[in-house]
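K.L.:
Here it is, the structure, as structure tokens.
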């Protein structure tokens, strides 16, 4: 295998050069599972080991078909609403977080709850609560109806307005333009979010920024890696599910960064051979909720089509690990 091409950050927009001619794959690093997804999936696995099936999970634990199907076969039961869980049963809240009303509903049904909310989502929840206490108008940049946005907005429903995209800014009104802050969903396109914020700031010049970045490190890192390789690719394949916000954003980022085409696939079988007509360089990455086994399947399929040379394109090294929820942590010996 050719050596890793370490683009680094901030040099992510530089050209990828590896000295390889002919068909090749540029493989984005980092890709796949982030710390929050790893924690959430392991939470369900540990809950099943500790309590046995069934373990109920409110919403998909993460937005990936393979992961959800695998956990369902192991005994996880996925439900949309809390009242679908039998009284007294165990329920896991997904990585996307829930509104406070969901905790109240669970307590009323005497459910044993395990909260697998990503700590970075919890951070945004805490910001919403803090600024609501100070009576700010909170402009939450995010996708209307996404579980994470519903949960964050639920922390302060009287103070939060969801701003779905840059064009939605025109409809935003606030009580006091000097007490406005923006927060964001953690899985958005960095570029589109900044465009939305730019327009908000034009309208509200004293708009405050979040205390720290709300778009998570993994979302940003995966977008940077795609930006690094996309200019060299005629095609970028993003492994991920259609309901995965961060995976869909990677397709958009690839197209915006110069790839001629970009497609989202759940499995290797989803690759249409006609996509490869006239293509020399294929970029491959995966969303933050995608296990590596699915990427390996895509690489194997591409090798069958003659793309056996794989060059990693590294823009960051991720080492972050989140502690498991206390309810399912291993007992100390």
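Positions of Cβ are set from backbone N, Cα and C atoms, glycine also.
Found this in Swiss-Prot, in case it helps:
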type	residues	note
ACT_SITE	148	active site, proton donor
BINDING	34, 118, 216	[4Fe-4S] cluster binding site
BINDING	63, 96, 146, 186, 244, 245, 246, 289	(2E)-4-hydroxy-3-methylbut-2-enyl diphosphate binding site
BINDING	63, 96, 146, 244, 245, 246, 289	isopentenyl diphosphate binding site
BINDING	63, 96, 146, 244, 245, 246, 289	dimethylallyl diphosphate binding site
K.L.:
Counting only residues 6+ apart in the same chain, whose Cβ is under 8 Å from the Cβ of residue 246 ((2E)-4-hydroxy-3-methylbut-2-enyl diphosphate binding site)?
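P.N.:
In sequence order, 187, 218, 219, 222, 240, 287, 288, 289 meet the Cβ cut-off.
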K.L.:
Sorted by position, what residues of the same chain at least six away from residue 34 ([4Fe-4S] cluster binding site) have a C-beta under 8 A from it?
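P.N.:
The list for residue 34 ([4Fe-4S] cluster binding site) reads 216, 217, 218, 219, 288, 289, 318, given in order along the sequence.
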K.L.:
Determine which residues of the same chain, besides 63, 96, 146, 244, 245, 246, 289, have their CB within 8 A of the center of the CB atoms at the recorded isopentenyl diphosphate site, and list them by sequence.
P.N.:
62, 148, 187, 243, 247, 287, 288
K.L.:
So among the binding-site residues 186, 244, 245, 289, who's got the most Cβ atoms within 10 Å?
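P.N.:
Neighbour-count leader: 289.
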K.L.:
Starting from residue 148 (active site, proton donor), work out which of the binding-site residues listed here (63, 96, 186, 244) have their Cα within 10 Å, and give them in sequence order.
P.N.:
96, 186
K.L.:
Counting only residues 6+ away in sequence within the same chain, which have a CB under 8 Å from the CB of residue 63 ((2E)-4-hydroxy-3-methylbut-2-enyl diphosphate binding site)?
P.N.:
241, 243, 244, 245, 247, 287, 289
K.L.:
Among the binding-site residues 96, 146, point out the residue whose Cβ has the most other Cβ atoms within 10 Å, with all shown protein chains included in the count.
P.N.:
96
K.L.:
Measure from the CA atom of residue 186 ((2E)-4-hydroxy-3-methylbut-2-enyl diphosphate binding site) to the CA atom of residue 118 ([4Fe-4S] cluster binding site) and give the result in Å, rounded to a whole number.
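P.N.:
So the alpha carbons of residue 118 ([4Fe-4S] cluster binding site) and residue 186 ((2E)-4-hydroxy-3-methylbut-2-enyl diphosphate binding site) sit roughly 10 Å from each other.
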K.L.:
Tell me, how many other CB atoms lie within 10 A of the CB of the residue listed as 'active site, proton donor', whichever protein chain they belong to?
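P.N.:
For the residue listed as 'active site, proton donor', the 10 Å Cβ neighbour count is 25.
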K.L.:
To test your reading of the [4Fe-4S] cluster site: which residues beyond 34, 118, 216, same chain only, put their Cβ within 8 Å of the Cβ centroid of those residues?
P.N.:
35, 36, 37, 95, 120, 121, 186, 187, 217, 218, 219, 288
K.L.:
Among residues 63, 96, 146, 186, 244, 245, 246, 289 annotated as binding (2E)-4-hydroxy-3-methylbut-2-enyl diphosphate, what is the maximum Cα-Cα distance? Answer in Å.
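P.N.:
Of all Cα pairs among the recorded (2E)-4-hydroxy-3-methylbut-2-enyl diphosphate binders, the widest measures 15 Å.
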